[in-house]
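Peer 1: Sending over a structure as structure tokens; questions will come in a sec.
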Amino acid sequence: MKLPKEGDFITIQSYKHDGSLHRTWRDTMVLKTTENAIIGVNDHTLVTESDGRRWVTREPAIVYFHKKYWFNIIAMIRDNGTSYYCNMASPYYLDEEALKYIDYDLDVKIFTDGEKRLLDVEEYERHKRKMNYSDDLDYILKEHVKILVDWINNGRGPFSEAYVNIWYKRYVELKNR
């Protein structure tokens with residue numbers, strides 16, 4: 001699969017461990033691709049839930065996906081600052097149809113004031129039993145929660161204000177071309 005280029009639009013598909021489609025984002029603009037990572041932006045992007053419900057994202061959000069980390073990061077740019085939503089998820093896979101990953105329920109939310117919250121622990125435990133997550137998978141996900149928290153605490157990558165500013169500025173330049 002040829003990597004998308006800056007300014008291209010891609011679809012993102014989130015699946016569950018059992019292979020069922022969870023959520024789809026249409027028309028995410030690609031800002032940068034490397035061998036292992038894709039940075040994009042959603043801004044008033046159409047989202048379709050597995051039950052057919054549809055909604056549109058409200059504010060610009062820089063999205064970060066990596067082939068070696070078991071999480072993806074959404075930096076939501078709001079008037080009162082940047083908040084983050086981080087999905088514990090498989091590394092992404094890219095094919096002609098979409099960027100795809102498996103969502104593993106656990107999420108970390110960082111509010112504009114810096115407060116961090118681990119979300120959906122009960123859902124993770126329920127799906128772990130129902131979908132038979134292996135002990136190895138459970139270990140990998142919990143280790144990557146630690147890696148993610150380290151990134152957050154140290155302002156690494158998407159958690160750096162400069163990172164968000166650079167990629168938002170690039171998005172505005174591309175949008176206005």
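Heads up, the Cβ atoms here are built off N, Cα and C, so glycines get one too.
Fair warning: this is a prediction, and the values are worked out from it, not measured in the lab.
Take a look at what Swiss-Prot says about it:
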- ARG23: active site, proton donor (ACT_SITE)
- ASN87, ASP103, ASP107: Mg(2+) 1 binding site (BINDING)
- ASP105, ASP107, ASP120, GLU123: Mg(2+) 2 binding site (BINDING)
Peer 1: Relative to the mean position of the Cβ atoms of ASN87, ASP103, ASP107, the recorded Mg(2+) 1 site, which additional same-chain residues have Cβ within 8 Å?
Peer 2: SER14, PHE71, ASN72, TYR85, CYS86, MET88, ALA89, TYR104, ASP105, LEU106, ASP120
Peer 1: Which has the fewest other CB atoms in a 10 Å radius around its CB: ASP105, GLU123, the listed binding-site residues?
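Peer 2: Selected from the binding-site residues ASP105, GLU123 on minimum Cβ neighbours within 10 Å: GLU123.
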Peer 1: Same chain only, sequence gap of 6 or more: which residues have a CB within under 8 Å of the CB of ASP120 (Mg(2+) 2 binding site)?
Peer 2: ASP105, LEU106, ASP107
Peer 1: Which residues of the same chain, at least 6 positions away in sequence, have a Cβ lying under 8 Å from the Cβ of ASP103 (Mg(2+) 1 binding site)?
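Peer 2: When sequence neighbours closer than 6 are ignored, ASP103 (Mg(2+) 1 binding site) has SER14, TYR15, LYS16, HIS22, ARG23, ASN87, MET88, ALA89 within Cβ distance under 8 Å.
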Peer 1: Can you name every residue in this chain, apart from ASP105, ASP107, ASP120, GLU123, with its Cβ inside 8 Å of the center of the Cβ atoms of the recorded Mg(2+) 2 site?
Peer 2: MET88, TYR104, LEU106, LEU119, VAL121, GLU122, TYR124
Peer 1: Using a 10 Å radius around its CB, how many other CB atoms surround ASN87 (Mg(2+) 1 binding site)?
Peer 2: 23
Peer 1: 10 Å Cβ neighbour count around ARG23 (active site, proton donor)?
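Peer 2: There are 15 such Cβ atoms around ARG23 (active site, proton donor).
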Peer 1: How many neighbouring Cβ atoms, not counting its own, are there within 10 Å of the Cβ of ASP107 (Mg(2+) 1 binding site)?
Peer 2: 20
Peer 1: How would DSSP class ASP120 (Mg(2+) 2 binding site) in three states?
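Peer 2: SS state of ASP120 (Mg(2+) 2 binding site) = coil.
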